[in-house]
Amino acid sequence: MSLSFGTSGLRGLVTELDAATVAAYTRAFLAACPPEGPLFVGRDLRPSSPDIAAAVIAAAQGAGVDTVDCGALATPALALAAMAAGSSAVMVTGSHIPADRNGLKFYRATGEITKQDEAAITAAYRAGAAPEGRAGTGTTSASARSGYVARYAAAFGPDALAGLRIGVYQHSSAARDVLVEVLAALGAAPVPLARSDTFIPVDTEAVDPETRTMLAEWCTGQGLDAVASTDGDGDRPMLTDGTGAVIPGDVLGVLTAQALGAQRVVTPVSSNSMVTGLFDTTLTRIGSPYVVAAMETVLDSDPAAKVVGFEANGGFLLGFAASAAAGTLPPLMTRDALLPILAPLAAARAAGGTLAGLIADLPPRFTAANRVQRIDPARARSLLADLSGDAAARAAFFEPTGEIAGIDQTDGLRVTFDSGEVVHLRPSGNAPEFRVYAEADSRAGAEALVAGYFDRLAAVLAAPRQHPE
């Protein structure tokens with residue numbers, strides 16, 4: 001695969017992210033999005049990330065930009081620190097994808113870069129653009145991490161989670177220590193679990209059966225009220241109820257929006273449709289840049305709008321100053337994993353109930369997701385084009401689920417059936433994966449749809465081609 005921008009940042013194989021290429025993209029970012037202060041640099045815990053971060057820092061200093069090396073930390077912690085300082089940032093991370101891949105996430109002083117910024121960076125990279133100036137200097141700082149902890153400790157207070165025993169599936173998440181620290185600061189008893197020195201690509205949107213079994217066993221065996229975790233760079237949450245059942249990310253988004261008193265929600269078309277009956281909702285393409293752009297449109301028309309954004313993976317964006325139990329949470333317009341973990345837990349405790357109880361009060365609409373991995377991206381795109389453009393091919397492929405009531409091609413192919421069930425197919429933009437989303441009136445129904453179409457996709461994509469392209 002070649003380096004490309006996808007739903008969140010530039011990603012590719014580690015072999016493609018050599019020092020010269022990383023330096024060229026860093027210079028292109030600085031030329032296309034001139035920084036107003038030092039460049040903040042962070043990284044996840046992949047084996048390749050330290051060298052890539054060093055290449056970013058060297059390139060920035062060579063282009064006359066001072067740098068602040070924040071070390072290994074969660075992406076939202078880096079973004080929060082850079083935005084507070086009025087500075088730009090680069091996060092070295094491949095998020096949830098395997099360790100043989102990595103990437104760069106770019107931030108302006110105002111937050112995540114836009115799709116227009118991505119185009120400008122790509123053009124500057126191709127032109128070999130670079131800012132000019134004196135040699136930059138470098139410093140290191142741990143304040144980004146401590147500031148992130150302080151944000152939530154101050155807003156929720158020391159008793160928000162008092163009495164709760166919460167497992168923390170640490171694996172190789174860049175947020176693993178900060179999650180333990182924040183839970184303890186809010187009064188919970190955190191129980192660290194399964195810390196790993198080897199990078200594990202945890203996808204919170206497609207949790208495998210073995211992990212689900214492990215989570216349930218932890219809850220039962222250790223008397224836990226929940227298990228919390230994140231993906232590799234700490235911007236996508238994973239949270240279970242007291243039985244170890246994983247709560248879908250878009251359900252966490254709804255619970256968090258309710259807890260914060262949000263009135264407007266921006267979310268991709270792949271999210272649980274119940275959100276449209278609970279909030280004034282804007283649906284977007286998949287990817288945080290699209291969510292950010294739509295949130296900014298809302299705020300441009302109404303600066304006082306209580307708007308939030310979230311994705312089906314659970315990453316949450318706060319667009320207004322929200323009140324929590326002990327203080328105010330300032331806006332953070334980048335995908336965050338801690339808030340959609342803390343807010344539902346605090347809301348359940350404040351109500352004297354459980355996470356399962358909060359979910360039971362929501363409309364009975366359920367989603368599931370999975371991904372077919374190690375596919376040929378060209379074949380995936382060809383299949384999607386066939387299903388999108390050929391009604392007969394589409395009817396044949398989806399025949400097991402019944403008559404098609406309508407389709408949506410906002411991002412991928414989203415098919416609604418006469419039964420009210422939904423199947424959404426979307427190949428990844430920068431990884432050899434094909435996502436399968438489903439929605440139904442029962443959890444079992446949604447999971448059965450995902451399992452069925454996962455198998456159909458895997459079979460079609462693995463089958464020999466019938467005709468040359």
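Cβ coordinates come from backbone N, Cα and C, glycine included.
Nobody curates TrEMBL annotations by hand; they come from automatic prediction.
Residues or ranges marked as domain 'Alpha-D-phosphohexomutase alpha/beta/alpha' by TrEMBL: 4-128, 147-244, 249-366. Feature annotation from TrEMBL assigns domain 'Alpha-D-phosphohexomutase C-terminal' to 400-451.
With Cβ pairs under 8 Å as the measure, the domain 'Alpha-D-phosphohexomutase alpha/beta/alpha' (4-128) is packed most heavily against 147-244, out of 147-244, 249-366, 400-451.
Within the domain 'Alpha-D-phosphohexomutase alpha/beta/alpha' (147-244), the DSSP-based counts of helix, strand and coil residues read 34 helix, 23 strand, 41 coil. Sorting each residue of the domain 'Alpha-D-phosphohexomutase C-terminal' (400-451) by its DSSP state yields 11 helix, 24 strand, 17 coil.
Sorting the domain 'Alpha-D-phosphohexomutase alpha/beta/alpha' (4-128) by DSSP state (H, G, I as helix; E, B as strand; all else coil) yields 54 helix, 31 strand, 40 coil. Summarised by DSSP class, the composition of the domain 'Alpha-D-phosphohexomutase alpha/beta/alpha' (249-366) is 48 helix, 27 strand, 43 coil.
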